[in-house]
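*Asks:* Quick one: the structure is below, and I'll ask about it shortly.
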């Protein structure tokens with residue numbers, strides 16, 4: 001009886017006998033190592049067989065349809081130049097199938113050659129590494145090309161959306177103090193203001209009443225401008241007065257924070273409030289906002305990388321305004337549809353702008369979440385301030401919203 005060959009790592013124990021030059025199964029307990037199941041290319045027919053051993057084929061390998069086992073055997077044989085060492089005790093007359101394929105390496109190799117497997121397609125290690133690198137480079141190139149193609153084919157705003165975008169942009173520009181000239185017209189809050197906290201807050205922070213007084217002087221016109229912005233939006237003016245009030249109370253601090261954040265100046269490390277007062281982080285913090293100040297400054301620093309234009313800021317404000325989850329709203333569905341209309345026009349405008357920042361649109365939408373959190377934190381902070389600070393310091397409109 002022939003013993004298993006040590007040359008082929010896939011060799012199996014001998015459990016067949018030779019009759020008339022052909023191998024036959026000796027026992028029904030003979031184990032068959034079939035090719036591993038896995039990804040099968042779409043060009044193969046169902047249950048297509050390996051042309052060498054008849055096992056289930058996995059693809060087109062070295063110019064033939066073969067299984068993984070015969071592919072690996074042929075590759076190792078050529079790479080390690082093993083075929084000169086192969087021999088057959090039965091004059092090369094072995095029948096090769098999935099049961100006997102590991103018993104005679106010479107006949108298996110001859111079968112590989114006879115069915116058309118190409119030796120010249122087997123690469124050595126260095127060529128295989130180079131080929132794999134080339135494949136990866138081509139895959140990465142195709143990925144970039146597809147990404148560019150998808151960006152080019154993303155829809156820009158429709159004519160109706162352009163009209164809406166124009167209205168929202170003009171509403172923002174006409175209610176945004178100092179416009180694009182804010183840097184030239186801003187005045188820095190004196191450094192000695194906001195450095196000497198006097199009134200204590202329950203959370204341990206201090207409030208500089210002089211700085212707080214300065215901020216309250218600009219808060220009323222800032223709130224008025226947010227209200228005017230909302231009234232210039234057609235969808236907002238169509239809502240019941242009760243819903244308009246709820247939406248304005250909910251978004252007022254969020255929109256004012258956004259307007260301040262987009263006027264962050266990294267050189268002076270200041271935010272410009274209401275288009276006129278430039279303040280540092282500690283001044284805003286000691287002036288009553290506490291930790292909310294850090295959130296607004298951090299937002300300003302992150303937004304500076306986005307290079308938002310007036311239209312994008314305006315559409316962000318419209319999305320914040322039309323938030324259907326505000327408590328007490330009557331026309332929830334209508335408001336939700338309004339916000340969806342703004343969001344779709346916003347997304348199409350982002351496509352039109354073609355920003356270089358990867359995943360610009362989802363990253364920008366996350367800023368809406370940040371602004372909502374700032375609004376919620378400010379509401380909580382404001383409740384404490386009403387208790388700790390003299391009531392006469394609060395403007396009536398500020399108390400109302």
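Yeah, the Cβs are placed from backbone N, Cα and C, and that goes for glycine too.
Here the structure is a predicted model, which means the values were calculated and not measured.
Below are the features listed in Swiss-Prot for this protein:
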REGION    1-20  region 'Disordered'
REGION    1-49  region 'Modulating'
MOD_RES   11  phosphoserine
MOD_RES   27  phosphoserine
BINDING   50, 53, 67, 70  Zn(2+) 1 binding site
ZN_FING   50-70  zinc finger
DNA_BIND  50-124  DNA-binding region
BINDING   88, 94, 104, 107  Zn(2+) 2 binding site
ZN_FING   88-112  zinc finger
DOMAIN    160-401  domain 'NR LBD'
BINDING   225, 274  3,3',5-triiodo-L-thyronine binding site
*Asks:* Under a three-state reduction of DSSP output, how is residue 225 (3,3',5-triiodo-L-thyronine binding site) classified: helix, strand, or coil?
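*Replies:* For residue 225 (3,3',5-triiodo-L-thyronine binding site) - judged by DSSP and reduced to three states - the answer is helix.
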*Asks:* Which of these binding-site residues is closest to residue 225 (3,3',5-triiodo-L-thyronine binding site) if you go by CA atoms: 67, 70, 88, 104, 107?
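*Replies:* Sorting the binding-site residues by distance from residue 225 (3,3',5-triiodo-L-thyronine binding site), the top entry is 67.
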*Asks:* Whole-number Å distance between the CA of residue 70 (Zn(2+) 1 binding site) and the CA of residue 107 (Zn(2+) 2 binding site)?
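*Replies:* Residue 70 (Zn(2+) 1 binding site) to residue 107 (Zn(2+) 2 binding site), Cα-Cα distance: 12 Å.
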*Asks:* Please report the distance from the Cα of residue 88 (Zn(2+) 2 binding site) to the Cα of residue 50 (Zn(2+) 1 binding site), rounded to the nearest angstrom.
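*Replies:* Just about 22 Å between their Cα atoms.
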*Asks:* Give the number of CB atoms, excluding that of residue 104 (Zn(2+) 2 binding site) itself, located within 10 Å of its CB.
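*Replies:* So the number of other Cβ atoms within 10 Å of residue 104 (Zn(2+) 2 binding site) is 25.
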*Asks:* Just to confirm: which same-chain residues, 6+ apart in sequence, have a Cβ under 8 Å from the Cβ of residue 274 (3,3',5-triiodo-L-thyronine binding site)?
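*Replies:* The list for residue 274 (3,3',5-triiodo-L-thyronine binding site) reads 177, 218, 219, 221, 222, 225, 256, 259, given in order along the sequence.
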*Asks:* Among the binding-site residues 50, 107, which residue has its Cβ surrounded by the fewest other Cβ atoms within 10 Å?
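*Replies:* Least crowded of the binding-site residues 50, 107, by Cβ count within 10 Å, is 107.
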*Asks:* Indicate whether residue 67 (Zn(2+) 1 binding site) is helix, strand or coil by DSSP.
*Replies:* coil
*Asks:* Across all protein chains in the structure, which of the binding-site residues 53, 67, 70, 88, 94 has the highest Cβ count within 10 Å?
*Replies:* 70
